[in-house]
Ligand SMILES: O=C(O)C[C@H]1C=CC(=O)O1
């Protein structure tokens, strides 16, 4: 099952920089592990925003929810999920 996911990140200004950097490093490793195993198919930066559009390929809504909830930046994200179906004109 394919999902388009938009993640908007908003790290509080008063979070110490070292703590923010540690969370971002864990986020990067978590994201790259999922990219390597094929479930996080692609990630794109939204120009000019601390946000991304990503494509996930997972077997259920529950699996996607588990993956998203495990993001180290999850507490600082607004996430919007769009389930994707095959377009009849796709070749
Ligand atoms: O930078 C972001 O868009 C947030 C997050 C998603 C993957 C990752 O490494 O960081």
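Including glycine, each Cβ sits where the backbone N, Cα and C put it.
Feature list (source: TrEMBL):
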DOMAIN    1-89  domain 'Muconolactone isomerase'
For the domain 'Muconolactone isomerase' (1-89), residues assigned helix / strand / coil by DSSP: 32 helix, 29 strand, 28 coil
Confidence summary for the domain 'Muconolactone isomerase' (1-89), mean pLDDT rounded: 98
